[in-house]
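Under the heading active site, proton acceptor, TrEMBL lists His43, Glu70. Sequence annotations record features per position, and here TrEMBL assigns active site, proton donor to His190. Per TrEMBL, the feature 3-amino-2-oxopropyl phosphate binding site maps to Asn7, Arg18, Asp191, Gly213, His214. The 1-deoxy-D-xylulose 5-phosphate binding site feature in TrEMBL is assigned to Arg45, His50, Thr100. The site 'Transition state stabilizer' annotation in TrEMBL covers Glu151.
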Amino acid sequence: MTKLSVNINKIATLRNSRGGNTPNVVQFAKDVQRFGAEGVTVHPRPDERHIKYQDTRDLKSEVYTEFNVEGNPIQSFMDLVLEVKPTQVTLVPDAVDALTSNAGWDTITHKSFLTEVISEFKSNGIRTSIFVDPELQMIEGAKATGTDRIELYTESFAHQYGLGDMKAIEPFTSAAELSNEIGLGVNAGHDLSLDNIKFFKDHIPGLLEVSIGHALVSESLYLGVENVVQMYLQKLK
Ligand SMILES: CC(=O)[C@@H](O)[C@H](O)COP(=O)(O)O
Ligand SMILES: NCC(=O)COP(=O)(O)O
């Protein structure tokens, strides 16, 4: 069964825009879990443009489903994750000034670095996932690092699907099939939405988790948070 992890970065974006504590990030995380979400995801970036390191600490005691913390494993991020010890850490190769996540890891070039980082997190009881493009070589490279899971970077699927190109799913299906064969768990995320999630899920064998934020928050502006969470859960059945 595919779990829905709600990425709450954009709630922090809205909160930070006025400098106060409205909307309250922790309350939003409690509410989406109450509405049925099976996880909460945050991406504390180095510039803290949205989720702050302190938010990640504050959320730890309030996330009773699965807590997924994403980021580039720079030292400050490593220290935060080892302090908070979330359910899962997802390693993302983002540049400090990236507008948003825009690429998966080159798991071959960075094999030794990723292997060392993953070993550190796993020895602290934290499940690991590596953000990758749906390239078979990168999937095999991810396996070699010892990671528990990969997260398929779904921006290219979402973009092409939105243009009517159904064949855009094919690399993702192949990547999931290989992952299943070699014992890698399959997560997915980035630009997934109510429009594309069912088609995506129906073509990805063994999909364990989707993390969705930007579209979910945007859709909630019109349809309401509880309604949107329930709509995602229905489409993921
Ligand atoms: C890794 C990924 O694709 C997203 O989880 C990322 O967290 C989005 O980051 P922004 O919310 O900063 O765009
Ligand atoms: N890992 C993807 C994620 O957490 C949310 O990405 P998006 O839905 O905000 O594009």
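Cβ coordinates come from backbone N, Cα and C, glycine included.
Unlike curated records, TrEMBL annotations are generated automatically.
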Among Asn7, Thr100, the most crowded of the binding-site residues [Cβ within 10 Å]: Asn7
Site extent for 1-deoxy-D-xylulose 5-phosphate, whole Å (max Cα pair distance, Arg45, His50, Thr100): 12
Count of other CB atoms lying within 10 Å of the CB belonging to His190 (active site, proton donor): 25
Distance, Asp191 (3-amino-2-oxopropyl phosphate binding site) to Glu151 (site 'Transition state stabilizer') (CA atoms, angstrom): 13
Contacting binding-site residues for ligand 2, chosen from Arg18, Arg45, His50 when the Cβ sits under 6 angstroms of any of its atoms: none
All-chain count of other Cβ atoms within 10 Å of His50 (1-deoxy-D-xylulose 5-phosphate binding site): 22
Of His43, Arg45, His50, i.e. the recorded positions, those within 10 Å of Glu70 (active site, proton acceptor) when Cα atoms are compared: His43, Arg45
Most distant Cα pair in Å, residues Asn7, Arg18, Asp191, Gly213, His214 binding 3-amino-2-oxopropyl phosphate: 26
Rounded inter-Cα distance in Å - Gly213 (3-amino-2-oxopropyl phosphate binding site), Thr100 (1-deoxy-D-xylulose 5-phosphate binding site): 12
Check: same-chain CB within 8 A of 1-deoxy-D-xylulose 5-phosphate site center, minus Arg45, His50, Thr100: Asn9, Thr13, His43, Arg49, Ile51, Ala98
Cα-to-Cα gap, Asp191 (3-amino-2-oxopropyl phosphate binding site) vs Thr100 (1-deoxy-D-xylulose 5-phosphate binding site), nearest whole Å: 11
